[in-house]
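Beneath this line is the structure, given in structure tokens, with notes to follow.
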Amino acid sequence: MEGEERGIEESVRLVQSDSRWVDGSEADSESPPWSLMDDDEHREEHGSVRRRLVKKPRRVDSFDVEAMGIYDPHSHHRKDLSTWGTLAMAFQTLGVVYGDMGTSPLYVFSDVFSKVQIKSEIDVLGALSLVMYTIALLPFAKYVFIVLKANDNGEGGTFALYSLICRYAKVNLLPNQQPSDEHISSFKLKLPTPELERALNIKECLERKSYLKTLLLLLVLMGTSMIIGDGILTPAMSVMSAVSGLQGQIKGFDTNEVVILSIVILIALFSIQRFGTTKVGFSFAPALAIWFFCLGSIGIYNILKYDITVVRAFNPAYIYYFFKRNGVKAWSALGGCVLCITGAEAMFADLGHFSVVSIQIAFTCVVFPCLLLAYMGQAAYLITYPSSAGRIFYDSVPDGLFWPVLVIATLAAMIASQAMISATFSCIKQSMALGCFPRLKIVHTSKRFMGQIYIPVINWFLMIMCIVVVASFRNTTDIANAYGIAEVGVMMVSTILVTLVMLLIWQTNLFLALCFPLVFGSVELIYLSAVLTKILEGGWLPLVFASFFLCVMYTWNYGSVLKYRSEVREKISMDFMLELGSTLGTVRVPGIGLLYNELVQGTPSIFGRFLLDLPAIHSVIVFVCIKYVPVPVVPQEERFLFRRVCPKDYHMFRCIARYGYKDVRKEDHHAFEQLLVESLEKFLRREALDLALENSIAELELDSSSVRSRDNGVSIAGAGELHIPLMHDQRMEGESSVSEEASTSLLPSSIMSSDEDPGLEYELSALREAIESGFTYLLAHGDVRARKESWFLKKLVINYFYAFLRRNCRAGAANMSVPHMNIMQVGMTYMV
């Protein structure tokens, strides 16, 4: 008997290890993981023998269509690349990550010396030393060795940091978190450390104070808005700087011609975006490699030919001399100096396509030395020819190489622009995934690479803004003033978020964690104070762009959160559903109704509207919830959770589809429906198997308890009076008297097939009948209005701004390629 019970226990563990979400008649109740334990206190209180079988939500085979054909960009983070593979990836980063920073020698010194006149070599050496140490401190020390490590499972960027923080602290304003989300393998929460107490205090403070959650969200949205502003300014600045080389080289080629040619190139650049990054940028890495080779070679040539003593600029004392000689003008020149690190945030934002090691190798071995040589070469030329500061890059190019270098520079400028345009698309997609941007049409331009997307509306908006910037400013100096503010703003946001990651997640030593913002934040504040003085000279532009996008994103998030909370308040109670009965108070006709909603628990109020407005309802109802969790990618096998809503005869289910902010969601409705049905059938079979197992355990419990009671002389009046735990570890000697047949007769019911389970067979046949009648997508056409007693500002934001965004953004149904004849919508007003 003891061996047979151990065999049944093993069967229990085997079935539990592959269990699905089974709630029986309980609707949307959250459950902790499986536990096989005896609850002595519970037995003493209720006087009954119970086996606590607590279900753990497990994965059901995914019916995600797009993910099946999409290359996983995180594969290189899960396996070690060979040395040659890492070097090849480092080579590829040149074309995607470093285009913006690589084109900065086109305009840095010309902008610096537009503020400061060259009167002696100390001015040149001081500016060179300032540029060298700025590159060494911010991109090299801060980003390459610290910020890159603050990645979210291989993903970088402002929203990646935000999602990482959301995973460790419940700071997301949308209250749709579930315990089951923590079972996704991408979470990878760290084990406790000695610094855990401080981290827990920070976590509690963030979760308890709502204004800190709002402040954190605003900070993230501000950083994202600055990146979008970079997407406008980078193409304008880079292309115009490259084209301006023709001034002085071609007679009669003046400012008007530079503006016209720049606009033509920008129109061509944005027009080819729809073909995708792969087709547009197949030669990015080789072209940028040639560009960096040119920078380094020309720099060495100028150093050797004009003044090799520029190496004195490695002495930081020249920075002091520079400020001492020029005073306020030197402070103003910092706005031009900061342009040498434009694109530094791209190292972190584009991390998802590469590895940390590859980006570190490329910057350390190629980008950093080539940029230093380029700036040193230009400084050597300026010491000899100080009047060439206005077009220093092209004047320092050796005779005979002007035209090849011009072509390569123009190509490099387009590549730098392409990188920021793609980064803007990615930022907006992440914002949409986390509910911070109105839904827009997203075109996935590659079947192999998940991150390559194209957003038509944003593309044409960026193009128009770039043309307006070029036509309005007409020179690179004012654009540079605007460019610096956007760049420093993004860096400061990343400094604050990484500091929070150090304290909350890394649990770094407090002294080291505070040194990070103290050192790098101080430098960035100095640069910010310098660029803010240029607000009237073009610096207002990125602030306008950032304010506009910040208002759009925060308004959308604010309205979405209020709408979700309204749905939670107004959801239909389970008592009301049970009173309606399995007919739901109407007629059930064959068919499957897929009701899309945002609730992860409970029955949405829109379902009640369908019951009131429709004369009949489908025989099978599935509540489909599309939910984004704070991870980059949810593995395909962990994407979907099924659960039953109401008792079996209601034939109602909930399906929660979980996506990461980098995931692709683009369903073909036929394949979607087929895989949904297959997954639902598997869920029903698994549910029947689990229930059969529970019955087997209950029968074994009663039988074993009867034997123990009989051997101990205890009279059994009912199961409620038993106080002996099920499958007790200390077996009674009388257990051996139980016949083998009585024990083994329990096993077949735990592995009952569908043919032997009439309830399961009936439900499967009803499901097949519903499939033959077809699918109907039940969608809500909701109107969100502020309550009458709300503040005037809230009414203004919700009734006008948020309503305008909802009317003009892409509807939820537009995300699915579903024929209109299969869609049924009802109107509903949400009072928030």
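Heads up, residue numbers simply count up from 1 along the chain you see.
Placement of Cβ uses the backbone N, Cα and C atoms for every residue, glycine included.
Just so you know, TrEMBL annotations are computer predictions that nobody has curated.
Residue ranges 330-349, 790-809 are listed, and TrEMBL annotates 330-349 among them as transmembrane segment. Using a cut-off of 8 Å between Cβ atoms, the transmembrane segment (401-428) and the transmembrane segment (538-556) share fewer than three residue pairs, counting only pairs 6 or more apart in sequence. In summary, the transmembrane segment (538-556) does not lie against the transmembrane segment (330-349): fewer than three C-beta pairs, each 6 or more positions apart in sequence, are under 8 Å. Sequence-distant contacts of the transmembrane segment (361-381), counting only residues of its own chain at least 6 positions beyond either end whose CB sits under 8 Å from a CB of the stretch, comprise 86-87, 90-91, 93-94, 97-98, 101-102, 104-105, 108-109, 124-125, 127-128, 131-132, 135-136, 139-140, 144, 289, 292-293, 295-296, 298-303, 305-308, 310-311, 313, 340, 347, 388, 392-393, 395-396. Counting only same-chain residues 6+ beyond the ends of the transmembrane segment (330-349), those with a CB under 8 A from a CB of the stretch are 96-102, 104, 107-109, 111-116, 126-127, 130-131, 134-135, 138-139, 143-144, 147-148, 151, 156-158, 227, 230, 234, 237, 322-323, 359, 363, 371, 375, 416, 419-420, 423, 426-427, 480-481, 483-484, 487-488, 490-491, 494, 526-527, 530-531, 533-534.
Among the listed stretches 124-145, 215-238, 449-473, 479-503, the one sharing the most Cβ pairs under 8 Å with the transmembrane segment (258-275) is 449-473.
Listed by sequence, the residues of this chain that lie at least six past the ends of the transmembrane segment (479-503) yet keep a Cβ under 8 A from its Cβ atoms are 107, 111, 138, 142, 146-147, 150, 158, 161-162, 164-165, 198-199, 202, 216, 219-220, 222-223, 226-227, 229-230, 233-234, 236-237, 240, 335-336, 338-339, 341-342, 344-345, 348, 469, 473, 510, 512-514, 516-517, 520-521, 524-525, 527-528, 530-532, 534-535, 537-543, 545-546.
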